[in-house]
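**Q** For reference, the structure I am asking about is given below.
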Amino acid sequence: MDAENVLKLIKFTSTVATGVIAGGAIYINLAEHPARMQLDDVQSLHRQWRESFDRAKYLMAGTSLLPIAGGIAAFAIDQSKGKPWLITAGLMAFNMPYTALAMKSRVIDPIYDYEVAAKMDPGKVRDTVDKWNTFHKVRTIIDVSTLVWCVYNLAKALGVALSSCKMGFDLDDLFPYLEVISTVAAGMFVGGAVYINVVEHPARMTIQDTTSCHKEWMESFDRAKVFQSRLALVSIISGAGAYYCNPKKGLPFLVGGGLIATIFPYTLFVLKPNSIDPIYDKEVTARKSEGVVRETIDKWNSYHMVRSIITFPVFVGYVLYLSSGHKKFW
């Protein structure tokens, strides 16, 4: 593989990785954390945070190694073309010292003990978990900014100077904005969807109190359905707009948007009757056995995994299309 193809591979893997990280990071702030803070039982709240934290740190840290190593390699191969990706590496690497120096002693170590809820004042445990989320918002800002930066540089490499485009009725000028928006929104949606499957759901199922487990699911579901559906719609609409502006170059975004759109009827006709309606009731744990409630929540995650499987290749396809210079790959 020659240097040019190695650079394309680095751009591709770095952007996909930052999408997964950014989507997961913002999902924590907007859905998972507010949901767990609604739990009355502090022991359940802490358990969900601890289990989620342990899983997320491996997902986020492991995934961030791709853009970090890739950015350094890209700069070593070609300092001019690799500079934006070295910046990407620097942004991703920021999270490690920030977590170690700013977060660890203040909001991790004080409650990083499974028995802390029984030894520490419940109010202090709750406040520390909430404070952790405030610190985490800084990482989210960095992660989302890095995703936008990556997609922007993919578009810029195609000879598109977004900063000089004049917003108006010139379709050629509007096209690059729409493909960037569609790609970023798809990446954030996918990151959140994958995070649910590999982090939040397994953490939620470790909560021993079924009432708290169900409440966390319901509170998280109510929040996620709002912002996740909006991200999907933004990606779909901007993708359709990209096709309208440039039917030849925008076709992959129309096709990808169509695939993302399938999650709406899938949710309505498959998830809703089978794994949402049966337990979408705050009092369900008083009417149904704990086993049935837990099995249904687990079934919901299995159904949700289909949405992750549908949308992940779309985001990967968008990034591959941009990193290959708008070359067809079908």
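Note that Cβ sites are derived from N, Cα and C of the backbone, with glycine treated the same way.
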**Q** If you check TrEMBL, which stretch out of 12-30, 107-125 is marked transmembrane segment?
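**A** In TrEMBL, residues 12-30 carry the label transmembrane segment.
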**Q** If I go by TrEMBL, the feature transmembrane segment sits on one of 230-250, 251-271. Which?
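**A** The range carrying the transmembrane segment annotation in TrEMBL is 251-271.
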**Q** Between the transmembrane segment (12-30) and the transmembrane segment (251-271), are there three or more C-beta pairs closer than 8 Å, counting only pairs 6 or more apart along the chain?
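**A** Answer no, regions not in contact.
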**Q** What stretch, picked from 58-77, 83-101, 174-196, 251-271, has the most CB pairs under 8 A with the transmembrane segment (304-322)?
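**A** Looking at each of 58-77, 83-101, 174-196, 251-271 in turn, the most contacts to the transmembrane segment (304-322) are made by 174-196.
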